[in-house]
Amino acid sequence: MLKSNKVVLIGAGGVGSSFAYALTIDNSLVHELVIIDVNENKAKGEVMDLNHGQMFLKKNINVLFGTYKDCINADIVVITAGLNQKPSETRLDLVDKNSEIFKDIITNVVSSGFDGIFVIASNPVDIMTYVTMKYSKFPIHKVIGTGTILDTSRLRYFLSDRLNVNTQNIHSYIMGEHGDSSFATWDETKIAMKPLSEYLAEGKITEIELDEIHKKVVNAAYEVIKLKGATYYAIGLGIKNIVNAIIGDQNIILPISSYINGQYGGLVKDIYIGAPAIVCKEGVKEVLNFKISPKELEKFNSSANQLKSYIDKIEF
């Protein structure tokens with residue numbers, strides 16, 4: 001059960017600050033946002049900057065600088081802290097360093113008495129979500145990662161741009177790792193009620209174009225990092241959607257880092273990976289186990305095995 005509609009953000013860098021900004025301008029439910037960062041001046045500066053815009057908000061939110069002690073009565077702790085991906089680095093290159101950072105963060109949060117829901121956005125997010133579950137010993141439904149929510153948004157944007165259809169009417173997901181081994185669920189994709197396969201049959205789009213769209217999704221982060229140094233606006237909006245789904249008990253389906261233990265063919269077990277799930281006030285209500293094609297199932301297993309190979313090297 002929700003306690004106080006209070007969210008604690010750990011990490012006041014580009015992603016954390018973008019989430020905080022998105023939450024303040026589109027907030028109807030959160031009463032308090034506490035920001036924590038190892039760089040206390042950065043956190044204090046973000047708090048001041050956000051509070052100075054209160055006059056322009058539809059609903060005020062109490063934004064505060066805090067410490068780990070403030071987690072005790074929070075409903076949600078959002079973690080964006082950790083080292084960022086550099087040009088030419090993959091997200092998986094960050095495993096060792098960010099695992100050590102997380103061990104300290106999770107220990108401090110749990111020691112405060114926090115018993116709410118973790119939302120993880122730090123990369124590699126699927127592995128960091130698993131790390132959070134292991135270090136916190138929290139139930140799996142109370143540990144959520146952003147997963148492929150950003151990848152899915154990118155996919156729908158690129159497909160909507162190609163077909164000239166609003167993104168809200170495109171029903172498709174990116175599944176698997178939030179990274180290079182992800183895949184698009186093209187065989188299940190629909191534009192409103194019309195299967196994508198009919199668009200292909202009518203010659204309105206080609207298989208080659210779909211492959212190019214998926215490549216653009218996979219390479220999007222590298223491109224943005226090359227151009228501006230980091231990605232943060234879009235993922236900030238994605239985190240805000242997850243938080244609102246929890247606080248608002250929305251029962252919305254989101255492609256998050258979900259705990260998989262036998263779904264999708266039974267081969268993938270004990271791992272967090274991008275898959276659609278129902279998100280509500282309790283965290284994850286259900287991981288959807290919908291039917292995907294054999295080709296996509298093979299990609300799902302391959303992506304999971306890659307993540308597993310990194311997780312198995314971490315000492316818990």
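Using the three backbone atoms N, Cα and C, a Cβ is placed for every residue, glycine included.
Here's what Swiss-Prot has on this protein:
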type: ACT_SITE; residues: HIS178; note: active site, proton acceptor
type: BINDING; residues: VAL15, ASP37, LYS42, TYR68, GLY82, LEU83, ALA121, SER122, ASN123, THR146; note: NAD(+) binding site
type: BINDING; residues: GLN85, ARG91, ASN123, PRO124, VAL125, ASP126, ASP151, THR152, SER153, ARG154, THR231; note: substrate binding site
type: BINDING; residues: ARG156, HIS171; note: beta-D-fructose 1,6-bisphosphate binding site
type: MOD_RES; residues: TYR222; note: phosphotyrosine
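Cβ contacts within 10 Å of ARG156 (beta-D-fructose 1,6-bisphosphate binding site), excluding its own Cβ and spanning all protein chains shown: 22. Taking the Cβ of GLY82 (NAD(+) binding site) as centre and 10 Å as the limit, one finds 25 other Cβ atoms among all the protein chains shown. Taking the Cα atom of each, HIS171 (beta-D-fructose 1,6-bisphosphate binding site) and VAL125 (substrate binding site) are about 23 angstrom apart. All protein chains included, VAL15 (NAD(+) binding site) registers 28 other Cβ atoms within 10 Å of its own Cβ.
Put simply, THR231 is the one of the recorded positions VAL125, ASP151, HIS178, TYR222, THR231 whose Cα lies nearest to the Cα of VAL15 (NAD(+) binding site). Comparing the binding-site residues GLN85, ASN123, SER153, THR231 by how many other C-beta atoms lie within 10 angstroms of each C-beta, the top residue is ASN123. Between SER153 (substrate binding site) and HIS178 (active site, proton acceptor), the C-alpha separation comes to 12 Å. Among the recorded positions LYS42, GLY82, ARG156, HIS178, TYR222, the residue whose Cα lies closest in space to that of VAL125 (substrate binding site) is HIS178. Counting other C-beta atoms within 10 Å of each candidate's C-beta, the recorded positions LYS42, HIS171, HIS178 are led by HIS178. Geometry remark: HIS178 (active site, proton acceptor) versus ASN123 (NAD(+) binding site), CA distance 9 Å. Farthest C-alpha pair in the NAD(+)-binding residues VAL15, ASP37, LYS42, TYR68, GLY82, LEU83, ALA121, SER122, ASN123, THR146: 24 Å apart. Counting Cβ atoms from all protein chains shown, ASP151 (substrate binding site) has 28 others lying within 10 Å of its own Cβ.
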